[in-house]
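TrEMBL has this to say about the protein:
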- A:388-414: compositional bias 'Gly residues' (COMPBIAS)
- A:375-424: region 'Disordered' (REGION)
- A:31-63: transmembrane segment (TRANSMEM)
- A:75-96: transmembrane segment (TRANSMEM)
- A:167-186: transmembrane segment (TRANSMEM)
- A:248-269: transmembrane segment (TRANSMEM)
- A:275-295: transmembrane segment (TRANSMEM)
- A:315-334: transmembrane segment (TRANSMEM)
- A:346-368: transmembrane segment (TRANSMEM)
Amino acid sequence: MSGDRQPARPGRRWPEPTWPPLARSLHPGAWWLWALGLAVAASRTTNPLLLAMILAVAAYVVVRRRGDAPWALSFRMYLALGAFIIVMRVAFRIVFGGGQGDTVLFTLPEIPLPEAAAGIRLFGEVAAEQLLGGFYDGLRLATMVVCVGAANSLADPKRMLKALPGALYEVGASVVVALTVAPQLIESVRRVRRARRLRGAAGKGRRALRGIIIPVLEDALNRSLALAAAMASRGYGRTGGADPRTRLITGVLVVVGLVGVCGGLYGVLDAAAPALLGAPLLLGGGAVALAGLVLGGRRVRRTGYRPDRWRPAELLTAGAGATTAALMFLTAGVDPDNLYPSLSPLSWPELSLIPVLAVLAGVLPAFLTPEPPRTAAPPVAAPRPAGGANGPGGANGPGGANGAGGANGLGGANGAEPRKEPVA
Amino acid sequence: MITFEDVSFRYEEDGPAALAGVDLHIPEGELCLVTGHTGTGKSTLLGAVNGLVPRFTGGHLRGRVTVAGQGTESRPPQEFAHLVGRVGQDPLAGFVTDNVEEELAYGMEQLAVRPEVMRKRVEETLDLLGIAELRGRALRSLSGGQQQRVAIGSVLTSHPSVLVLDEPTSALDPTAAEDVLSAVLRLVHDLGVTVLIAEHRMERVLQYADRLLYLPGDGTVRDGTPAELMPDCAVAPPVVQLGRVAGWSPLPLSVRDARRRAAGLRERLTDRAPGPPHPADVDVPPSAVPVGRPAGEPPAAGEPLLTARAVTVTYGSTVAVRRVDLRLAAGEVTALMGRNGSGKSSLLWAVQGSGPRRSGTVEVAGGDPGDLPAADARARVGLVPQTAADLLYLQTVDEECEQSDAESGAGKGSCRALLDRLAPGIGGASHPRDLSEGQQLALVLAIQLTAAPPVMLLDEPTRGLDYAAKRRFGAVVRRLAADGRSVVIATHDVEFVAAVADRVVVMADGEIVADGATPDVVCSSPAFAPQVAKVLSPLPWLTPDQVGRALAADLEEAAPPRTEGAPR
């Protein structure tokens, strides 16, 4: 009886702590909060040493705590994307931003531009300040992207959708269905294209397109009708009759609130923005959106199967991200110099204690959270029949695992006289 | 439990009635089999139980349908989710989530069942249907039978009192179908669930049914026990047909019934050679001109048309077909059998040349269809794929036929002429997608035959065909073979194989495990033996037609039984 599989009982919020914690996957929200904390921290500095530390922290946590599901492998893609961003930034500085800075490294032949494009220089002198500026900028953006990537590879996107508040359930359900339908559509295009060769694949261009699109669309339509009927028969959309006015109010509240949150975030993150645009707008918008969600959620009668719960490990993870961000903000108030290393004059970036501690706080989840379950499918309790493991054709599982009495389907056929000659 | 009070339904205001004046009362805990030809309103009847008809299909419903006292006229299907569970023919089309456990929980989440209860019910259902080992698996990675059982489980978790199953085993191989049906029986026996099940392959369900609803086709429903209705029901499984030709009364409903009755018949048939198993009456009008025959003299029966050597098909690291050798001869119908995923389809596609082939050679008329352009390949080997409608994309039947003539370089009207021989009476202006399954199959077959290939491959052609359509289709297949073609049919349908095929090839895990004359292969296998063979075992008789002809010959001669035929 593992503690994390039991439903929470009234009167006891969390199961007894055990160490090391039993393997389980963390609430996806916790990973997202953690990653956003790191990303916010990264947005407050251009110090390459700090940024590299944040990257290292994110990568280390991902390597230690990701599962073996398909999305867990996406982290590499985000790293590649980050590298691409840096390269592009530096390349742009070389192409367009020539001439700023005194430490000229080398000179490229300048391409003369017509009068109309005065103020833009192509190539020319390339200065160290210019390259470093591009590199710092790119590295900051890349770090933020990689932080988001870390969240993506640590948190199951579907469980994240399940954790949405009740009022957004329909949106979540549509996304889940769309995710399931996409591979079916691809499969159906492939099937029809293959089938077209059977008719000699006559006609190219528009005619061929029509030959593919019509059967595929017909298939997709039939399938979505069947799915809609199946979902309705299973109770999807049992609203209990919410009147249209409530729905309208809910919608307006949520949208207005979210706009407020966006504006507020901008205010908080951009140090130059007026103070009113910051925290007050953020909090106000959040409150309005929350009201909308609560109002909308009231009409929903639905429960979740094996819901993710917030336990100490989740709080710790989210807290680690929040600490990193908060300490970085603190530093920005006290000791901003080392966060934005000077470009003119050129100077080596330096580290001070608080930002380093801030970033190191982000690595705690790598040690203090439970390990993820390593296999997507739990191990099979009973050994399968020998023939079961290698189901051919890809599309089907082991036929032998059916267990019931009929498993000896071909046993008798083997007994038939095997005759390789066709019967005349 | 379910009542229909004077229910009439038509899809269009002035169209024909799909249901007319239906009065029914189905008590709790019955297993009720709904039967009738295609298009007689079986699906309409089933859909009306939880209000999907008319809310999802459109149309006009009069009268009142109630389930456990609740009428469908005032509540949408959603409000019946806790009462009626519904499973369709294609389980994948109804799945909402992507893994087994979440699919089982989905319905309960909608009904706001408490999480603890949900957890418990999921475990119970996993055990009840014998799918506990599949719990974390992705739904798409399951075999057909497993998917169907998960689909049944996913509606069971809501504890419905009625289970509606529309063709649940049509797409399954015999073994998987047995698994699904035994799960359903368990529900009826242990939980007292009322089950309404429509099934073309009646032979799989009839023996378990408490009640039969027979739809003769005029919108009415005849209601009674199977024993009452079977004597004059137009659709009947082979065991009932055997009872009819043997003149047994009451008719046997299961192989066991028949076997206990058959001692005398077996004695009469010992020492007799079974005639050809094909139905004698051929609904297709016989034609002087062979159907779309390849140019030139027809090859003599038995002459090899296609030789495949060491054909191997792989998908990634999975081997679907492993070094298979196959020779096909003129005038021969070969059935390709084996459980779902044993490599039947892969082999057909590889032989035709359109599918992937890793290694091996295929030789037809001096060329390898895999190396030839598509148009040449289809003139050597024709293939009707599992989803035949994939080949249809034009607005009318006539356009499809003209397009086919152009593609094949055949004379104008050849495709239409073929179609008229295969399935007479299809209007040229009708839309191909509006045709019944059998008519669509005939149209695609005609399109493929226009190229006059000497070898014709058919992948699961009888899926969705009722007994009458299957019988007509069987006659078409025999005719193709009689014209000197070689026909291969990949199928799960043992009764169809028994009636039509000369030779059976059984595949398992990508290899051929048995290859021989139909009686030799099917009679020895518990899974592939047709009902008549089970009844008359150990005699190698396969179809009621065979037995009927032998008995009729007896009556005509009224003489001592012939003795020239030696038992095979």
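Every residue gets a Cβ built from N, Cα and C, even glycine.
Bear in mind that TrEMBL entries carry predicted annotations, made automatically and left uncurated.
As the structure is a computational prediction, the values presented were derived from the model and not from experiment.
Outside the transmembrane segment (A:315-334), and at least 6 residues removed from its termini, the chain residues within Cβ reach (under 8 Å) are 26, 29-31, 33-38, 40-41, 44-45, 271, 352, 354-355, 357-359, 361-365, 368-369. Stretch with the largest number of CB pairs closer than 8 A to the transmembrane segment (A:275-295), among A:31-63, A:167-186, A:346-368: A:167-186. Of the Cβ pairs linking the transmembrane segment (A:31-63) with the transmembrane segment (A:167-186) and spaced 6 or more residues apart, fewer than 3 are under 8 Å, so the two regions do not touch. Beyond the transmembrane segment (A:75-96), the same-chain residues lying 6 or more positions past its ends with a Cβ under 8 Å from any Cβ of the stretch are 55, 59, 62, 66, 108, 120-123, 126, 130-131, 133-135, 137-139, 141-143, 145-146, 148-150, 152-153.
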